[in-house]
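Student: Here's the feature list from Swiss-Prot:
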- 76-258: coiled coil (COILED)
- 262-275: compositional bias 'Acidic residues' (COMPBIAS)
- 394-403: compositional bias 'Polar residues' (COMPBIAS)
- 10-97: domain 'RH1' (DOMAIN)
- 291-356: domain 'RH2' (DOMAIN)
- Ser7: phosphoserine (MOD_RES)
- Cys47: S-nitrosocysteine (MOD_RES)
- Ser259: phosphoserine (MOD_RES)
- 254-275: region 'Disordered' (REGION)
- 327-352: region 'Disordered' (REGION)
- 384-403: region 'Disordered' (REGION)
Amino acid sequence: MEEERGSALAAESALEKNVAELTVMDVYDIASLVGHEFERVIDQHGCEAIARLMPKVVRVLEILEVLVSRHHVAPELDELRLELDRLRLERMDRIEKERKHQKELELVEDVWRGEAQDLLSQIAQLQEENKQLMTNLSHKDVNFSEEEFQKHEGMSERERQVMKKLKEVVDKQRDEIRAKDRELGLKNEDVEALQQQQTRLMKINHDLRHRVTVVEAQGKALIEQKVELEADLQTKEQEMGSLRAELGKLRERLQGEHSQNGEEEPETEPVGEESISDAEKVAMDLKDPNRPRFTLQELRDVLHERNELKSKVFLLQEELAYYKSEEMEEENRIPQPPPIAHPRTSPQPESGIKRLFSFFSRDKKRLANTQRNVHIQESFGQWANTHRDDGYTEQGQEALQHL
């Protein structure tokens, strides 16, 4: 009773929560509260009153469960996607800047080559003129006037200044080219660092997705286990109540029969009750096809072991997919953005909400079976009135086992 009150309070608090704060546990609490209300309606009006309504309510609760689970996972994925898009845009901008810089360097190099070619042609022309002058000078007389000597000296000085200017221009352009090369190397290092950062963020994103899927699988397994245990507990309590009611009716009937027989039969009445209880225990242990063959703790252990195995299998599958993706990346050797993983279409397993409502319908079937057993017990009471004895005969024990 305390557990039922606690679950009812949890469901009411879940109904009062804000829509953005709902969790999967709140959805299951709401489903439990709706199931209890359905059970009350079935007890009062029968199963036909909600036969068409129950599947629709179950479907609505399943849709709510899926939406709540997506709402909790979506913000983290959106942040990671925005970060990845931002890094891609930065990378594209840097690549574009690098291309522009390369084009500028090519233009500067072309200009420098053109100027150097012009200067070389001028030097060749001056050297040719110098040779011609030297040959002319050798053929003429050695007697030069002072004016001619000064003129020749002025021409050589002008050529020397031109050569000096050309050398300065060439050195300056060489320094500029070296500076541009250093700047280009730094830009390439920045691009490589950004690519490494992008690959690291992609791996972190993949690990986070893997962890989110594992946590979702574990949460769903725990929720399903809780629902199954609650349903088993409810069925056990209802079975205990029905068995107690049957035992009370049998005892009242036997006490009424023995009170009519006088003083001798009340002395044997406790023995009869003990034999009834023993016979009922034997019948429950041997003839009941639905008798418990294991304890509740064993059932919990089996469910826990099954959930652990499921989570391990899921982890191994994710690791295998991760290693396969790494091998593909190593084969390609080109950092590419990861493809958007589409969820694989697989048959949807039965949700905990359907399982919960199936337990409620199963309880109604058990109540119908208990009513049938009460009818059989009344027929057995008539048979016992006709075959009274000091103790139960073998036929009476067989009838109890049948019950």
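One-based numbering along the chain as shown.
Cβ atoms here come from the backbone N, Cα and C positions, even for glycine.
Just tell me what is around each of these and how deep it sits.
Tutor: In this model, the coiled coil (76-258) carries an average pLDDT of 85.
Cys47 (S-nitrosocysteine) carries a helical DSSP state (H, G or I).
Other Cβ atoms within 10 Å of the Cβ of Ser259 (phosphoserine), summed over all protein chains shown, number 11. According to DSSP, Ser259 (phosphoserine) sits within a helical segment.
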Student: Taking just the CA atoms, what is the gap between Cys47 (S-nitrosocysteine) and Ser259 (phosphoserine) in Å?
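Tutor: Here the two Cα atoms lie 41 Å apart.
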Student: With every protein chain in view, how many other Cβ atoms are within 10 Å of the Cβ of Cys47 (S-nitrosocysteine)?
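Tutor: Step by step: centre on the Cβ of Cys47 (S-nitrosocysteine), count other Cβ atoms within 10 Å, giving 15.
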